[in-house]
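Trainee: Heads up, here are the entries from TrEMBL:
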DOMAIN    A:6-319  domain 'Phosphofructokinase'
BINDING   A:Gly12  diphosphate binding site
BINDING   A:Asn107  Mg(2+) binding site
SITE      A:Asp108  site 'Important for catalytic activity and substrate specificity'
SITE      A:Lys131  site 'Important for catalytic activity'
BINDING   A:Thr132, A:Ile133, A:Asp134, A:Met176, A:Gly177, A:Arg178, A:Glu233, A:Tyr292, A:Met293, A:Pro294, A:Arg295  substrate binding site
2 protein chains.
Amino acid sequence: MAATFVIAQGGGPTAVINQTMVGAVIEIQKRHPDARILGARHGVRGIRDGDYVELSDVPEEQLRRVGTTPGAALGSTRDKPDAAYCELVFAGLKKVGADAFIYIGGNDTAGTQQILADASGGSIAFVHAPKTIDNDLVENDHTPGFISAGEFVAGAFLSVDLDFRALPGVYVGIVMGRHAGFLTAAAAAWRDDEDSGPHLLYVPERAFSVPRFINDVRATLGRYKRCIVAVSEGVSTADGKSLVESIVPPDRLERDAHGNLKLSGGDLGLAFEHALRDGLPGTRARVDALGYMPRGYIGAINDTDSHEAFNAGAFAVEAAAQGGGSVALQFDGNKTVMKLVPLSAVAGKTRHMPDDFLKPDINELSDKGIAYLNRLVPGKYQVGKPFV
Amino acid sequence: MAATFVIAQGGGPTAVINQTMVGAVIEIQKRHPDARILGARHGVRGIRDGDYVELSDVPEEQLRRVGTTPGAALGSTRDKPDAAYCELVFAGLKKVGADAFIYIGGNDTAGTQQILADASGGSIAFVHAPKTIDNDLVENDHTPGFISAGEFVAGAFLSVDLDFRALPGVYVGIVMGRHAGFLTAAAAAWRDDEDSGPHLLYVPERAFSVPRFINDVRATLGRYKRCIVAVSEGVSTADGKSLVESIVPPDRLERDAHGNLKLSGGDLGLAFEHALRDGLPGTRARVDALGYMPRGYIGAINDTDSHEAFNAGAFAVEAAAQGGGSVALQFDGNKTVMKLVPLSAVAGKTRHMPDDFLKPDINELSDKGIAYLNRLVPGKYQVGKPFV
């Protein structure tokens, strides 16, 4: 009997999550010409509701075009199945006779696969293929989606720095990143000398304090006449509370099914505006949230990222043949290699940015942090030095 | 005696304002090998303070590299000279023996040139070279900087639309644009069918009302399950007040030297978030300000825009030879042509987006609006249709 593969996408879309889906589908079409390939719409929700798109016979050319398109072409979900939901998903997989389920997403998605695998008793191969702009999966050197997002962020801060050389002031750019500061750190990837912005980085791994922030900005203004700041939306105060929690009244906090706080709202930006107005009165200050641009801007899709994402999808098919697990992108000292690791090694765990990626007492990249980011997000533009 | 040219940049930087500066400098170097070329730092402020960079002998290769770099390499200013300030600028120009002053900027910058020209009595040629992402200069078909900004905005909304197909909800993207809606309209330039976002456009030219907005969003959600909205930061209510003015307490409103309100703050975004929370409770809604990205993102510099900006600079040198005026980019029905028009025709005037660029009762581009934007911001990416 021909094999049946179910494939789905979970969590926030990225610039290259479609490459992973397409990489898997093309690999299945090659390895198993008779296989049935079902794309579940909106992640596990599609399996629960029996909402599928037949991918078995979609021509490679059409698939490759979807691969180069950002977003999640199967739709996504933030549903986190509990036991009852899981039973429905499991029943859904049985109903279509699934032999393998490949779920592309971050650590929450790996967690869902872990629960399903535990419940299935081995009758179906559950594979997690990695995806996250946050770069926060353990067992991975980096994750598909991070390089494109990092490149967007590096370019954004390079550009804003040039803007603020012309019209000096303080700029605060808020970058997605709940628990891990990698993407915010990428803001400094293309900083080419002491004078270049971003001058200050604030990441979730280090406690944030408003007075310290104001002092840092004041000192930077004194030195460079402008101050470019990159800050993670997930920065927390010393008591471990996210800054958003200390700003927004509890009854207005919004959470998803995973209990994740909504961080991308305007309250955080306004709080920075007010802190700067009060702490540095009369100083021109602008606060932007980069928002959704880094995770899927069609003009900043990195080739290496696309390639690796595609390969991760293809490798997920091999992982299914081996009984399931989580696909991990590791670095062998020379190049990125795909490894299969147990779901339990990745599920629900968060990889933080190593503390020594930043200098000890300054919110600035260390040599180690620079080396890591330069390897993943190498310089792309030759900038003509301004005359100011 | 060799001629002396002074050149400066004013107003917000763009992706290509350096091309105009470089186009002028290279043209002067060619036409007048003995000329002295002084770049005034931070616009008229540099002339007032005698703060110049010598550009006469900067090698073409270095200049061309600066040309491809966004930002304003000479620095910029928002100073609007009054009579006393003007006298200092005029004295500054006399002091260096200026024969011509080329000032690159928008209608405020043209206004400054007009005042200086009126005061000079014809002894110095005052040239305004156009620049603005707002595309709001009269006498121009479009302005250098607009195409690159428009392309960024078109790509941003295409990308966000793909993101929200995967995880449905309401997205509001706030786009720079004080009085003219062109850049916000560019959000829809790459919309390829009814279903594609942005579904709603709100521009300063049409009165904004929160209840109408909520109704529009509700209707769109009913039709497409998601709603992508592009809104100009300068939208105004029917009483002519900008929406920001009706939100922010008067003592907190920030203005520049031209009396222009600061619109880019977080208050407007938060007001949209609250309006959506109250008007459509329980609906996932996200509000981003695109902020500074459109005007200078290094990854979205359009070739046509670069080329035209460079040519506008070169033409400004010819304009100086003709005694001064404002360089205008006009469309001859086939291609963009440079024309010299009087400063008074452009200074302080605002070109609005024609009302018939939008459909009469819907906040959606008309065929005329689409034709204009497609000519300037033609499609660039081949998108693979999602399966949802």
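Using the three backbone atoms N, Cα and C, a Cβ is placed for every residue, glycine included.
Have a look at these and tell me how they're positioned relative to everything else.
Mentor: For A:Gly12 (diphosphate binding site), the same-chain residues 6+ apart in sequence whose C-beta sits under 8 angstroms from its C-beta are A:Ser76, A:Gly106, A:Thr132, A:Ile133, A:Arg295.
For A:Asn107 (Mg(2+) binding site), the same-chain residues 6+ apart in sequence whose C-beta sits under 8 angstroms from its C-beta are A:Thr132, A:Asp136, A:Leu137, A:Val138, A:Val346, A:Ala347, A:Gly348, A:Lys349, A:Thr350. For the recorded site, A:Asn107 (Mg(2+) binding site), the DSSP three-state label reads helix.
Cβ neighbour count for A:Asp108 (site 'Important for catalytic activity and substrate specificity') (all protein chains, 10 Å cutoff from its Cβ): 20.
Within 10 Å of the Cβ of A:Lys131 (site 'Important for catalytic activity') there are 32 other Cβ atoms, across all protein chains.
A helical conformation is recorded for A:Arg295 (substrate binding site) in the three-state DSSP classification. All protein chains considered, the CB of A:Arg295 (substrate binding site) has 27 other CB atoms within 10 Å.
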Trainee: Within 10 Å of the Cβ of A:Asp134 (substrate binding site), how many other Cβ atoms can you find? Include all protein chains, please.
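Mentor: I get 28 for this one.
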Trainee: Please report the three-state DSSP label of A:Lys131 (site 'Important for catalytic activity').
Mentor: coil
Trainee: List those binding-site residues among A:Gly12, A:Asp134, A:Gly177, A:Glu233, A:Arg295 whose Cβ lies under 8 Å from any Cβ of chain B, in sequence order, or write 'none' if there are none.
Mentor: A:Gly12, A:Arg295
Trainee: Could you tell me the maximum Cα-Cα distance in Å between the residues recorded as binding substrate, namely A:Thr132, A:Ile133, A:Asp134, A:Met176, A:Gly177, A:Arg178, A:Glu233, A:Tyr292, A:Met293, A:Pro294, A:Arg295, rounded to a whole number?
Mentor: 16
Trainee: Give, as a single whole number between 0 and 100, the mean pLDDT over the domain 'Phosphofructokinase' (A:6-319).
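Mentor: Mean per-residue confidence for the domain 'Phosphofructokinase' (A:6-319): 94 out of 100.
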Trainee: Can you tell me how far the Cα of A:Gly177 (substrate binding site) sits from the Cα of A:Lys131 (site 'Important for catalytic activity'), in Å?
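Mentor: On Cα coordinates alone, these residues lie 14 Å apart.
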Trainee: Please report how many Å separate the Cα atom of A:Lys131 (site 'Important for catalytic activity') from that of A:Asp108 (site 'Important for catalytic activity and substrate specificity'), as a whole number.
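Mentor: The Cα atom of A:Lys131 (site 'Important for catalytic activity') is 11 Å away from the Cα atom of A:Asp108 (site 'Important for catalytic activity and substrate specificity').
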Trainee: Distance between A:Met293 (substrate binding site) and A:Asp108 (site 'Important for catalytic activity and substrate specificity') at the Cα atoms, whole Å?
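Mentor: With the alpha carbons as reference points, the distance is 22 Å.
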Trainee: Would you kindly give the Cα-Cα distance separating A:Asp134 (substrate binding site) and A:Asp108 (site 'Important for catalytic activity and substrate specificity'), rounded to the nearest Å?
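Mentor: Here the two Cα atoms lie 13 Å apart.
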